[in-house]
Amino acid sequence: MLKIIEKLIGSYSEREIKKILPIVDKIESLAPEYERLTDAELRQKTDIFKERLKNGETLDDILPEAFAAVREAAWRTLKMRHFRVQLIGGIVLHQGRIAEMKTGEGKTLVATLPAYLNALEGKGVHIVTVNDYLAKRDAEWMGPIYNFLGLSVGVIVHGLTSEERRKAYNCDVTYGTNNEFGFDYLRDNMAIYKEELVQRELNYAIIDEVDSILIDEARTPLIISGPAEKSTDLYKRADNFVRRLKPLYYNSDDDKQMPDTTGYDYIVNEKRHTVALTEEGIKKAEKYFGVTNLADPENATLHHHIIQALKAHALMKRDRDYVVKDGQVIIVDEFTGRLMYGRRFSEGLHQAIEAKEGVRIERESRTLATITFQNYFRLYKKLAGMTGTAKTEEQEFREIYKLDVIEIPTHKPMIRIDHPDKVYKTEKAKFEAIVEEIVETHKKGQPVLVGTVSIEKSEMLSEMLKKRGIKHEVLNAKHHEKEAMIIAKAGQKGAVTIATNMAGRGTDIVLGEGVAELGGLKVIGTERHESRRIDNQLRGRAGRQGDPGESRFYVSLEDDLMRLFGSERIKRLVESLGLPDDQPIEHKLLSDAIEKAQKRVEARNFEIRKHLLQFDDVLNKQREIIYSQRRKVLEGENLRDSILNMIDELVDYKIKVYTGESPHPDDWDIKGLLQDLKFIFLDGELSEQDARNMTKDELKEKLISIAKEKYLKKEQEVGELMRELERVVLLRVVDMHWMDHIDAVDQLREGISLRAIGQKDPIVEFRFEAFEMFDQMIKRIQEDTIKIILHANVENMPKRERVVKEMYENSPSDAPVRKSVVKTQKVGRNDPCPCGSGKKYKKCCGAV
């Protein structure tokens, strides 16, 4: 029904493009006028546009002229002129949307249009790429356009100094990777001096390969961490223990029909990527480690280590999920097959794999600052993205990032032939058929690009081709420069290139001489990915800019996708046909089944990401509060009134804790109150007896008076340095407590799923307890700040310095040291919400 309506009124993208076309016509109509301008006159347009913006015109008002200026500048500097479809793409990006443009349609050039226009406001534009090589390449390649028009261009790559970074961020347009932009944001929010800040306000970002960054890497946390003091011995013991256990593999989604676990020690569900000890496994663990009850909270760390060891053995496969190289465990990116140097699996899984592989176990690390890409990129005032494949994830872009996806038509018609899948019963038969196909195609001289899902599979296929004497290149994407070079040659006559799925993304495959007559590039997929988008990316390597090309996927019933998500009906159908292993099966039912399996996995992964975002949003809200307050302190806000206000709030809170609701002094814990305040500011100024003879209000007034008197005395002692002392202390205290809070919230998140057993919504419970913990953290910050300021030794006045001098980055990092979460005083339903919104708790974060 939907398709019939679309035929009548056009798709959403077609309708939106129709609205844009008059603007495109206007840009094109300006071409003759701009061609007549001298270089100086064209350059002067930038100053004119800036002046018009100052006088009240909007970016939309000057868009046609600004785009016309960029178009002409591109021709004069690079001999490249934006096509009509590229102008459409540029407008879509300026509107804060995602432009889906096929491979080879010139996305890099398209970005110069909205980047120039938005840079005219003087607030900076970030163009985000997936690796350092592309960031440098694009900045150097497109730089002359911006420079010609009088704008500066910077590039942020790994290894730059703070000064170099600051200079790059102060440019009008800054190219860089998602990792570098994110880490700089975190580092800025750990800075102790204002002069250490490198980033400006996050204004406008254009993300290249937006699906890779906002979908595939959405759950990847950027973590700045420092080493934690923790023994690695338990990882070895847990590893020795799980080697003795017997697994039961069970891949059903039905929780009600659990299998008989008699004789098995743990269950592995590859589909859900989970492991769990059985009753027998729990008994063995209790005996092996000498504990009476593994489920006891005091054994939570032990249980966590056992589960990570089970995951390392049952779910994590060498040469698929990771490789062991030079005595180190290195992660393999599941989407690109790249080795991810410097990254580590989180929550102790990396150490568990190190124990399994018998290499040196690195110490766990402590999280100092963290943010996910999802939350980092949502900080920008305006966000846009480009990719060849976004339509399948349109719902996710809209729901999570409020980003529309607009399909941009190709400059020339697409003539690539996409053949139906060939399905085999066994993996062995499938790979033999692939080798035959490569051999036959190679005889004609037609280039072949073979996409594999893992390093292990690409090396296996390489061995098979060597035996047949076929010269080929294997691309496991260890070096981006080499990768781009190999991929660029993949379109030459007779070339055979094996590459893990999306290696070389961002580099065009240009057809060599005479290749178009042979049918163009042939793309062979050795397995269907669980995401249709990744398959489409591989297909998109052929048939760029109207070139000929063809693609085909080879599938076996032993592939992970079919094994875990294919239906039993399909397996029965294949068995009933009784065909030999080496005969391919072609049936519409099979093609439909593969697509249904992919859609099922995509929907499941989206739900997981959405669910995790609900948890992450809680910490994100708190992070925004802490970082914004921290920035005010850093930028020199006078803290005197804030400190005096802290004294009022602290005394009020302490009196509530030690006197409760009772109006009778006999029910109050005066001794406890005075003892507690002794560590903060009291020094015998108030006796227990005198305190007992006061009302609550009198007691509060007296204590506040004593504290403020101490504060004023310290102010006189220190003189001008008091403001600096306040800043030093507050920044130190906030950073230390924020680190502890990240740890505590992480641990709460791990244990909260158990609440579902008690018929409670884990999200609601998590939200409530996390804000309760946040409220307690704020109180601890107030207490420690007052205590340290009032007891500061003025002679040894501290200089502002980093809370942790040596930091190292892991993305994603290992889990921090866990601290047990202490249950704290509850927030009342009618109390102000601890998130700082000003609303009552029941109307804000406590709303169910």
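Along the chain as shown, residues are numbered 1 onward.
Backbone N, Cα and C define each Cβ position, glycine as well.
As the structure is a computational prediction, the values presented were derived from the model and not from experiment.
Record note: Swiss-Prot gives G104, E105, G106, K107, T108, D508 as ATP-binding, and the candidate from Q86, Q95, Q492 in that site is Q86.
Shown in sequence order, M101, T103, L109, V110 are the same-chain residues outside Q86, G104, E105, G106, K107, T108, D508 whose Cβ sits within 8 Å of the Cβ centre of the ATP site. Of all the binding-site residues listed here (E105, D508), it is D508 whose C-beta has the fewest other C-beta atoms within 10 angstroms. Note on G104 (ATP binding site): other Cβ atoms within 10 Å of its Cβ, all shown chains, come to 20. In terms of local Cβ density within 10 Å, Q86 ranks first among the binding-site residues Q86, G106, K107. Within 10 Å of the C-beta of T108 (ATP binding site) there are 18 other C-beta atoms, taking all protein chains into account. If you compare every pair of Cα atoms in Q86, G104, E105, G106, K107, T108, D508, the residues listed for ATP, the longest distance is 17 angstrom.
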